[in-house]
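Engineer: Before anything else, here's the structure in question.
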Amino acid sequence: MAAAWQDVVRDAAAVREAAAVAVDAALLAGVLMRTGEQPNASDVVNYAPFTLLPSAVPRALFEQAYAVQQDFNLLVDAVSQNREFLEQTLASTIKVDDFTARLFRIYKQVLEEGLAQTVVLGINRSDYMFDCGLEGTAALRQIEINTIAASFGGLTSRTADVHRLVLKVLGKSEEASQLLPNNPAKGLALGIAKAWELYGSQRAVVMFLVEEVQRNIFDQRCVENELWNRNIRVVRKRFRDVFEQGSLDASRRLYMDGQEVAVVYYREGYVPQVYDEQNWEARLLLERSRAVKCPDIATQLAGTKKVQQELSRQGTLEKLLPGHPEAIARIRATFAGLYSLDEGEEGDRMAATAIADPDRFVLKPQREGGGNNLYGEELREVLEKIKDSPERTSYILMDKIKPQPALNYLLRAHSPLQVSECISELGIFGVYVRQGRELVLNQAAGHLLRTKAIEHADGGVAAGVAVLDTPYLV
């Protein structure tokens with residue numbers, strides 16, 4: 001916790017007053033989620049969980065994370081265009097991971113048919129933690145890059161205003177004025193709007209592909225409203241709607257209910273559980289179409305953990321980004337130690353090392369959405385079980401990052417107000433648009449800070465573990 005809050009955090013009366021103001025301010029600002037009891041109805045809603053106080057973030061590391069985002073956009077785009085790299089990197093994974101294998105089959109089928117899509121839209125979020133290491137100086141370490149359905153760009157656009165008010169209520173107007181403006185929703189909408197414009201049909205719509213259970217609808221509505229403000233029509237559809245109503249014409253233009261679709265923005269489709277055979281058919285239909293997919297299936301594959309691990313291998317970045325030595329240096333400076341569990345001597349050695357010292361590592365499967373990683377004793381048990389099986393190749397190992405905890409209050413509906421030791425994760429949103437070979441847009445689009453109590457090893461806001469936060473730069 002920044003020294004600025006030490007006087008507040010133990011003042012029970014001031015905290016109670018500030019928390020009451022904060023909850024009302026969050027409701028007023030639209031920092032909202034639907035309830036678990038009625039996840040598809042907006043007639044009963046509550047505030048999305050958030051911290052009472054903004055969390056201290058080292059300014060130099062925050063600036064480093066922003067400075068490298070355009071480089072990561074370039075890298076993801078380069079990986080998505082490199083069939084040979086994706087085939088080689090994912091060869092072992094697709095033998096044992098059915099979900100990645102199904103995605104990969106669609107990827108190959110679409111390539112062999114010939115891509116109808118000429119405009120590429122990428123919306124990424126690169127997530128980091130601040131590793132204190134042995135020397136005690138914090139370093140920026142990338143956890144992962146999300147290339148599909150990166151969420152909370154909408155709600156985090158509204159969270160800083162709540163924290164500004166809280167600081168003023170606590171007599172810290174000077175500190176309140178130092179919180180940065182942040183509007184990822186606008187930046188994400190800018191990318192979608194550019195892709196829609198380049199698609200070239202004023203009548204065509206943007207389709208948000210959404211979940212069956214839509215608790216986090218207000219986060220998406222923030223981006224939607226930015227598009228409506230630009231007079232771009234938005235529709236919301238699920239995979240089953242695509243299966244029932246979707247069709248392609250002779251030019252592979254995508255139609256839903258007779259409406260032409262220019263852009264498909266996925267807020268769904270990153271976990272195996274959502275796919276039955278109908279939904280796989282719907283996904284293939286979308287990928288075969290001329291519509292701009294965000295992400296297309298190649299870009300989703302570029303975000304897999306196995307690709308992340310392979311990118312950290314010496315010489316890989318140089319092959320993917322020739323002529324960009326400065327970008328490569330900036331990217332490599334954020335990497336944590338990443339290790340392959342492929343069959344062979346290297347994988348055998350890493351599995352044995354992790355079993356002997358499980359607290360050094362995180363075991364990561366090829367999954368998005370939070371709550372999937374394994375730590376400590378659980379990591380050891382799983383690796384013991386699969387160490388001699390090809391199944392281990394569906395995981396990678398990463399060095400465990402050790403951030404410095406700080407005190408804060410995590411405000412959740414129907415939960416007691418109590419101080420917690422917390423750690424934070426910083427995400428930077430990136431947006432890029434490419435038409436043919438030309439990159440027409442490449443920028444960082446805002447940030448997201450999520451904070452959780454130290455007893456939770458894994459999980460995001462949607463997974464119910466972390467809460468929304470605002471960086472206070474120190």
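From the backbone N, Cα and C atoms, a Cβ is placed for every residue, glycine too.
Pulled these from TrEMBL:
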BINDING   R125, 148-151, 214-216, Q220, 267-270, R450, 461-462  substrate binding site
BINDING   E144, N146, E368  Mg(2+) binding site
BINDING   E144, K305, 364-373, Y375, 398-401, E425, K452, D458  ATP binding site
DOMAIN    204-302  domain 'Glutathione synthase substrate-binding'
Engineer: Have a look around N146 (Mg(2+) binding site) and count the other CB atoms within 10 A of its CB, chains all included.
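Structural biologist: Result for N146 (Mg(2+) binding site): 21 other Cβ atoms within 10 Å.
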Engineer: Just give the helix, strand and coil counts over the domain 'Glutathione synthase substrate-binding' (204-302), going by DSSP.
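Structural biologist: Split by secondary structure, the domain 'Glutathione synthase substrate-binding' (204-302) comes out as 41 helix, 26 strand, 32 coil.
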Engineer: What binding-site residues in the list R125, P365, K400 lie within 10 angstroms of E144 (Mg(2+) binding site), counting C-alpha atoms?
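Structural biologist: If one measures from the Cα of E144 (Mg(2+) binding site), the binding-site residues that come within 10 Å are R125.
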Engineer: Within 10 Å of the Cβ of E268 (substrate binding site), how many other Cβ atoms can you find? Include all protein chains, please.
Structural biologist: 18
Engineer: Tell me, how many other CB atoms lie within 10 A of the CB of Y270 (substrate binding site), whichever protein chain they belong to?
Structural biologist: 20
Engineer: Hey, what's the Cβ neighbour count for P365 (ATP binding site) at 10 Å?
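Structural biologist: So the number of other Cβ atoms within 10 Å of P365 (ATP binding site) is 18.
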Engineer: If we check Cα distances from S151 (substrate binding site), which of the binding-site residues P365, E368, K452 wins as closest?
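Structural biologist: Checked the binding-site residues P365, E368, K452; minimum Cα distance to S151 (substrate binding site) goes to E368.
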Engineer: When you put E368 (Mg(2+) binding site) at the centre and draw a 10 Å sphere around its Cα, which of the binding-site residues Q220, Y270, V461 have their Cα inside it?
Structural biologist: Y270
Engineer: Check the Cα-Cα distances from P365 (ATP binding site) to the binding-site residues A149, R215, Q220, Y270, V461 and tell me which is shortest.
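Structural biologist: Out of the listed candidates, the nearest Cα belongs to Y270.
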Engineer: Where K452 (ATP binding site) and V461 (substrate binding site) are concerned, what is their Cα separation in Å, rounded?
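Structural biologist: So the Cα of V461 (substrate binding site) lies 9 Å away from that of K452 (ATP binding site).
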Engineer: Including all protein chains displayed, how many Cβ atoms other than that of E144 (Mg(2+) binding site) lie within 10 Å of its Cβ?
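Structural biologist: Around E144 (Mg(2+) binding site), other Cβ atoms within 10 Å: 19.
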Engineer: For A149 (substrate binding site), list the number of other Cβ atoms lying within 10 Å of its Cβ atom.
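Structural biologist: Neighbour count, Cβ to Cβ under the 10 Å cut-off: 25.
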Engineer: Out of N146, Y375, K400, give those binding-site residues positioned within 10 angstroms of R125 (substrate binding site), comparing C-alpha atoms, in sequence order.
Structural biologist: N146
Engineer: Could you tell me the C-alpha distance between N146 (Mg(2+) binding site) and Y375 (ATP binding site) in angstrom, no decimals?
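Structural biologist: That comes out at 21 Å between the alpha carbons.
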